[in-house]
Structure formats: C-alpha cells, structure tokens
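In what follows, a single structure is set out as structure tokens and then discussed.
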2 protein chains.
Amino acid sequence: MPKIWSQTIEAHRDAVREATIAATAALVAEHGLSGVTMSQIAKDTGIGRATLYKYFPDVESILVAWHDRRIDAQLAELVRVRDRTEGAGPRLDAVLTAYAKANRAGHPPADPAAAMLHRGAHVTTAHHRLHEFVRELIVDAAAAGDLPGDVHADELAGFCLHALEAARGRSAAAVRRLVRATLAGLAATP
Amino acid sequence: MPKIWSQTIEAHRDAVREATIAATAALVAEHGLSGVTMSQIAKDTGIGRATLYKYFPDVESILVAWHDRRIDAQLAELVRVRDRTEGAGPRLDAVLTAYAKANRAGHPPADPAAAMLHRGAHVTTAHHRLHEFVRELIVDAAAAGDLPGDVHADELAGFCLHALEAARGRSAAAVRRLVRATLAGLAATP
C-alpha cells in the first residue's frame with residue numbers, strides 16, 4: 001500500500017475515533033453513564049453500528065479512551081511546568097502545585113465517567129504515566145537531598161496524586177495550603 | 001392506621017429496598033454500570049417494574065443508596081474506634097489508621113459503581129457525614145494542642161480522606177507510612 005494511502009486511512013480512523021469519543025462524552029454528560037448505548041452513539045455520529053464495534057467493543061472502552069486523552073493533555077502541561085523549573089525540589093513543588101490547580105476545576109459534575117474510570121476497574125495507561133512522572137520527580141528530589149534519602153517514591157506518588165484531588169472546588173489559598181500539607185507529608189516520611 | 005400495620009408496611013418497604021439494592025449490586029458486578037437496566041433489576045428481584053419505579057427513579061439512585069450503606073457501615077466502625085481511644089490526637093491517629101486499613105481492600109475491581117458515585121456528580125449524604133466526622137476529630141485535636149491551633153479543619157478533612165485512598169492495594173507497612181505522611185501533612189499546616 002503506498003504510504004500516502006495508509007496515511008489517509010490512518011487519518012480517517014483518527015477522525016472516526018475522535019467523533020466517537022466526542023459524541024459519547026456529550027451523551028454521557030446529558031444522560032449519565034447508564035443511559036448511553038452503542039446504538040445511540042452510532043446514531044449520533046452517523047457511523048454504522050458494525051463499523052463502530054470495529055473501533056470500540058463497548059461504551060466503557062470509549063470512555064477509557066476519552067479519559068486517557070484528558071490525562072495525557074494534563075501530563076503534557078505538567079511536563080512543561082517541570083522543564084521550565086530549575087532544581088529537583090522546586091520542580092516537585094511546581095508540578096504538584098500545577099496538578100492541584102488543574103484539579104480545582106476538577107471533573108465537572110456532569111462527568112461521572114472520568115470519576116468511574118479514574119478509580120474503576122482499570123488503572124488506565126495514561127494514569128500510570130502520570131503516576132510514573134510524579135514518582136520520578138520524587139526520586140530526583142530525594143537524590144538531590146530535597147527529600148529524605150530513603151523515600152518510598154512509588155507509595156508517595158500515590159499519596160500526592162490522591163491528596164491533591166482534595167483541591168476540587170477549593171479556593172486558590174486553600175490549594176496552596178493543600179500543596180504545602182502534601183509536601184510536608186512527603187518530607188516527613190523517613 | 002394501627003401502629004403494628006404501619007410497622008409491617010415499613011418492614012415490607014425495607015425488604016423491597018434491600019432486595020433491589022442487592023440485585024443491582026450483583027448485576028453491576030457482572031455486567032458493568034452501563035449494562036444494567038431497571039427492567040433487568042425488576043426481573044431479577046421479581047418486583048414489578050411499576051413498583052420498582054416507586055422506590056427508585058433510576059439505576060444510579062439505587063447505586064447511591066448502595067454506596068451510602070457501605071459508607072455508613074464504615075463510619076459506624078470508625079465511631080467505635082474513636083470511642084475506645086483516649087485523647088484527641090491519638091483518636092485522630094487511630095481513626096485515620098482504621099480508615100486507611102479499610103481502604104487497603106478498597107473497592108473491589110468489579111465495583112466501578114462505588115468509584116463513580118464516590119467522586120461523581122453528587123457527594124452523597126453518607127460521604128458528607130464521614131467528612132464531618134473527620135473534620136470534628138481535627139477540630140478536637142487542634143483544641144487539645146495536638147495540631148496547630150489555626151488549622152483549616154474542613155480542608156484538612158478532605159486532604160485526609162483523599163490521601164488515605166492511596167492505601168488501596170498497599171501492604172500493611174505502606175499503609176502505616178501513608179498514615180504517618182498524612183498526619184505530618186496535618187501537623188505542618190499553619
């Protein structure tokens with residue numbers, strides 16, 4: 001197959017995936033998770049049902065894809081924050097602050113899907129990447145002497161990511177206090 | 001209506017609610033959230049569809065009731081832990097430890113519903129009670145001098161409850177470290 005043709009096919013597939021994810025997100029926002037079916041999604045996107053099933057086996061797999069995209073976008077922003085900050089300790093601080101601020105707006109109330117997937121059956125690969133990203137920052141901060149040397153970085157990454165979800169709906173000042181409490185928790189672990 | 005008769009009716013209603021909640025939990029565990037309908041629940045419980053709708057308007061409201069019962073049971077256990085511990089600081093420590101330990105087993109993988117509801121559109125009344133319970137322990141610990149005097153107890157309750165969700169799937173030693181990090185976060189806030 002000529003390269004230009006395979007690129008065209010890939011672009012088409014991407015477009016189908018995007019349209020499916022967008023339509024599903026809108027349907028879930030309107031009807032809730034349990035009110036959305038593959039038939040409705042097919043109807044709303046104008047994609048044939050049989051074709052739709054070639055892309056996604058069920059509604060939940062579409063929501064996983066949607067959720068992964070959101071986390072990936074968030075992660076890209078956190079990488080930018082890291083790369084413009086000097087020093088392992090300040091980097092950790094800056095990234096956790098950015099993450100907490102992003103969580104302030106949080107999952108909008110009409111978005112039960114993200115909530116379900118975030119803590120649901122599967123920890124998605126995107127969530128795993130986010131966890132790894134924070135874990136590495138903690139390892140670096142410990143190596144630089146900004147955290148105790150023998151931290152359990154993997155556990156503490158989970159601690160940070162969970163604790164900073166408490167930022168949802170809080171004021172800017174409350175988010176600063178939350179980040180400070182989280183950093184104190186990191187520093188305290190022997 | 002004689003009291004004995006109204007009691008009989010109430011007992012009957014409770015039984016219908018219990019049967020509905022149990023059947024829904026089982027169906028969700030088997031088919032996932034998006035695979036459960038009111039018709040199926042009616043069929044599985046043997047309750048007429050029209051009757052079912054008198055008790056619950058939709059699947060999600062049944063899951064809210066289910067979730068609230070789980071949190072209420074957890075809260076009752078935490079109250080027992082509090083009441084057998086002396087001193088505000090030790091009480092906070094003991095309750096947070098018990099909460100973290102309960103989270104270790106966490107929501108089983110087949111239980112996306114609890115996850116959805118826990119972080120979803122509605123913070124349930126049971127979750128609110130749990131939050132209030134922890135907030136009061138923090139206020140007491142601050143009053144007793146076991147925490148800084150001017151803590152933001154409401155924010156810190158959210159911090160604790162979120163942070164300790166990181167206990168899921170962790171070892172007992174990791175859970176102890178997590179509780180210690182959380183307590184350090186509480187103590188650090190000015």
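Counting starts with 1 at the first residue shown.
Note that Cβ sites are derived from N, Cα and C of the backbone, with glycine treated the same way.
Residue ranges B:37-56, B:77-96, B:117-136 are listed, and TrEMBL annotates B:37-56 among them as DNA-binding region. Residue counts for the DNA-binding region (B:37-56) under DSSP, split into helix (H, G, I), strand (E, B) and coil, are 15 helix, 0 strand, 5 coil.
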